[in-house]
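Have a look at the structure below, then the notes.
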Amino acid sequence: MGCRQSSEEKEAARRSRRIDRHLRSESQRQRREIKLLLLGTSNSGKSTIVKQMKIIHSGGFNLDACKEYKPLIIYNAIDSLTRIIRALAALKIDFHNPDRAYDAVQLFALTGPAESKGEITPELLGVMRRLWADPGAQACFGRSSEYHLEDNAAYYLNDLERIAAPDYIPTVEDILRSRDMTTGIVENKFTFKELTFKMVDVGGQRSERKKWIHCFEGVTAIIFCVELSGYDLKLYEDNQTSRMAESLRLFDSICNNNWFINTSLILFLNKKDLLAEKIRRIPLSVCFPEYKGQNTYEEAAVYIQRQFEDLNRNKETKEIYSHFTCATDTSNIQFVFDAVTDVIIQNNLKYIGLC
């Protein structure tokens with residue numbers, strides 16, 4: 001009996017040591033895994049950041065992956081032009097050439113088959129080129145803040161010949177500029193500076209935000225994306241709420257949430273290139289009536305940054321790390337993410353008591 005008990009005790013001790021080794025290994029693994037949560041409203045550039053991580057840290061897009069984006073890019077180009085043509089009537093803008101009215105009818109007749117096949121036929125290409133070139137359509141495009149139009153519209157519509165070619169293969173820039181609404185939760189893993197990063201992107205639409213809570217566990221850092229150029233735009237969801245006001249409200253709720261007391265908070269003030277272009281035409285006061293500064297990129301960008309940072313109610317203990325970004329610019333994102341990683345590592349070491 002005593003011998004059998006001794007054997008059982010030895011086995012229990014071996015089992016205990018195996019568990020201890022596993023726990024130590026798991027603890028070390030967790031310390032080397034960084035969970036990044038991408039948050040922000042719709043159209044803030046979160047999914048583009050994920051694509052950039054694939055380009056910078058995961059080998060990019062091979063030929064087959066590039067080809068897979070062709071139907072989406074075709075859809076983006078067609079959808080942009082149909083939105084412009086539909087907006088003509090609402091904005092009471094006429095075609096410069098009356099013949100374009102027939103082209104508009106043809107556009108809507110031909111787009112269904114084109115989108116289902118993922119290709120632009122020569123007939124549809126001619127229709128799209130004539131419509132896009134019409135001064136009336138261009139005037140409507142110039143008033144795109146009065147209806148919903150994606151940022152990539154001009155990029156694709158100015159290059160229809162290339163996109164419509166039968167042998168068209170999307171470039172990396174084409175892919176970065178493509179727009180597909182994120183639904184659900186998208187995870188992307190990569191290694192950088194001997195750390196494993198798990199970047200989690202969740203949809204920014206109001207209907208998607210109820211899913212965010214499922215991603216909060218074990219978050220090392222939050223990257224909150226802001227659409228700088230959205231200061232004059234309304235939400236898709238209700239066409240009334242200011243996109244910037246919605247972003248500020250959302251940031252307030254994340255920044256001051258007790259769940260994230262020990263979580264690094266990084267603010268990506270994104271689409272700086274579009275803000276620089278837009279601020280020359282549309283004053284910042286349309287969103288912030290109290291703004292008295294110059295309508296220059298430098299002053300407007302800093303003012304918007306301050307609006308977000310001032311929402312932090314725990315300035316003594318929580319720091320916000322802000323960066324101005326252009327999500328479609330790989331070199332910019334590479335530089336910023338390198339700096340962000342250093343901050344995350346430092347804060348993580350501090351949190352676990354090693355710094």
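Here the Cβ of each residue, glycine as well, is placed from N, Cα and C on the backbone.
Annotated by Swiss-Prot as region 'G3 motif', the relevant range among 57-66, 137-146, 197-206, 207-216 is 197-206. Taking Swiss-Prot as the reference, the stretch among 93-101, 174-182, 183-191, 237-245 described by the feature region 'G2 motif' is residues 174-182. Swiss-Prot lists region 'G5 motif' at one of the ranges 121-126, 229-234, 259-264, 325-330, namely 325-330.
According to DSSP, GLY40 (GTP binding site) sits within a strand segment. DSSP assigns THR182 (Mg(2+) binding site) to coil in the three-state reduction, placing it in neither a helix nor a strand.
When the Cα of THR182 (Mg(2+) binding site) is compared against those of the binding-site residues GLY40, SER44, LEU176, VAL202, ALA327, the shortest separation belongs to VAL202.
The sparsest Cβ neighbourhood within 10 Å, among the listed binding-site residues (SER44, ASN270), is found at SER44.
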